[in-house]
């Protein structure tokens, strides 16, 4: 089991990152380079979170062995000294003390594996976040038509970005070089780089963590209030409709520019290949519309037109990609929000139901498994949606609130080692006395997972206008995916270091001579920059308390609302107007969906009512034709009694054919411009001069059929 736990977690974390990426990215449309870079960044960050508890338990076991050896040595020396004092040093045996046995943890990782593992994971993630992902981000967002053009654009955009990093690193390097007591080496340069990256990450970490510690418990508490949740959904619907209309208008404007350009550049123009590339990125309906209006038989040299340059086409290509992606995203989000609003309205209606069975206004469009009708019955759904869910969310919100209070208290007191005030350090040290490795790993994992949830959920929730926005259901663009990968790689290492400080396993903060984890050894000693190790890393996390207070009173939301950004504030007139607007939009969509469903029901009833009649008619027709063929074999003419023997009448089915055609006309509701030959399947009727009722004379077939060969 020494390496099995590590291997299992590596595989499980990979599929977890792949599942999360599939939820936000579109594997079929987005570039493979973008998907691979984002998946690798997310995977490495999740790997650090899941593997760190194993490193902690292994370190505690090593510390136990060290304490055991020291205790045995001290006991031996004490016994020898006591024997020498008693004068029996040659004959007496030393007194043996029996220290507590150190049990190897089930997830023990052999020596030499974890340092190499952490070194590969950390430096790969840092290369991604500081070098590769910014370049790939600009490359994917570029509107160039060739690989060389995209690379050139990416290098130009990142020149300032990389120059800023070099300036900061150079400043720190000069500061260390000027100091007389420090002698620069490769190890110290490496430590300076790690310290600079962790300092920047800790600055962002405290801001995001202070928001998530309050907002996550509050979001679950608000989710238990069905009325509040429905009102907020109305508010979101009004905002999303505005964004959706803006996206449609922007797409129309961009498509109009594309139409003008593609009409001016004909098929034999050198820039025509770029126009074809742009057209392939346009929606299908616009491609068909532009294709109908295109006249490729005109030569571009015949007219003295002004043609756009390649630089303008690159800019237009970039605008098309952005406009189409934004239009598709808002359309999908609108459908999802409609489904949520209608479901919440159904929950509000079913709460007063005495039958205790959940009734949906409209059938769900989401696919369900084959077990759902047997397990998730309408009765079970009613009890969950109308009764149990709100109490479950309230209990979860209370537990998360207690956890948040513990995190805030520990962040403000983790620098105190005597007495130990950090709650997480107390819990780990109590488990360390009994060497309960499973409890240690579970406690560490739950704590790190909660911290990561608070930070990562904030990353998924924040939105920087329309440049960065993570949208589920495969609607996130390449720029936002890679930006999230950059944030994860910058936030995860300082988050883990901060957690090690909370449990007093980072000697740079706790100032204790204990066995260091392999993760801490890779980070290097922060004492190279003492003002950061003894000042910033200890006192800056206390700012979380102020951020939590500001988040609790929604100060940021109110400030954004005052600046003109529409936010959900309960006591605001603009919020009330948007709620009313959203409610009307939902009603309008429900009426539209109801009309569509009623039309489908009428068509289904019409088909069921007359479908059997049509099948019976076809069956009778086949039976009559078979009978006629049998009668024709015996006699082609039928004599009429009481008449001359030479007088005969043709065997005809005109009456039955007319009746049958009338039934088919009612069933199919054919338009007026139908074909006369379809009204009768009897060839004998075409020779008759009598027209069937309902047939226009101008549409009847000609006796001579002069134009049959035309």
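Cβ coordinates come from backbone N, Cα and C, glycine included.
So that you can see what the record holds, here are the features copied from TrEMBL:
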- 237-264: coiled coil (COILED)
- 595-626: compositional bias 'Basic and acidic residues' (COMPBIAS)
- 630-651: compositional bias 'Polar residues' (COMPBIAS)
- 590-663: region 'Disordered' (REGION)
- 675-695: region 'Disordered' (REGION)
- 6-22: transmembrane segment (TRANSMEM)
- 34-52: transmembrane segment (TRANSMEM)
- 120-139: transmembrane segment (TRANSMEM)
- 159-178: transmembrane segment (TRANSMEM)
- 190-214: transmembrane segment (TRANSMEM)
- 391-409: transmembrane segment (TRANSMEM)
- 438-459: transmembrane segment (TRANSMEM)
- 536-555: transmembrane segment (TRANSMEM)
Sequence gap of 6 or more, Cβ distance under 8 Å, 3 or more pairs: do the transmembrane segment (438-459) and the transmembrane segment (391-409) meet that?
yes
Which residues of the same chain, at least 6 past either end of the transmembrane segment (391-409), have a Cβ under 8 Å from a Cβ in it?
209, 213-214, 216-218, 220-221, 223-224, 421-424, 450-451, 454, 544-545, 548
Please figure out which one of 6-22, 120-139, 190-214, 536-555 racks up the most CB pairs under 8 Å against the transmembrane segment (159-178).
190-214
Chain residues outside the transmembrane segment (536-555) and at least six past its termini with a C-beta under 8 angstroms from it
199, 202-203, 206-207, 209-211, 213-215, 218, 404, 407-408, 411-412, 414-415, 498, 501, 508-509, 526, 569
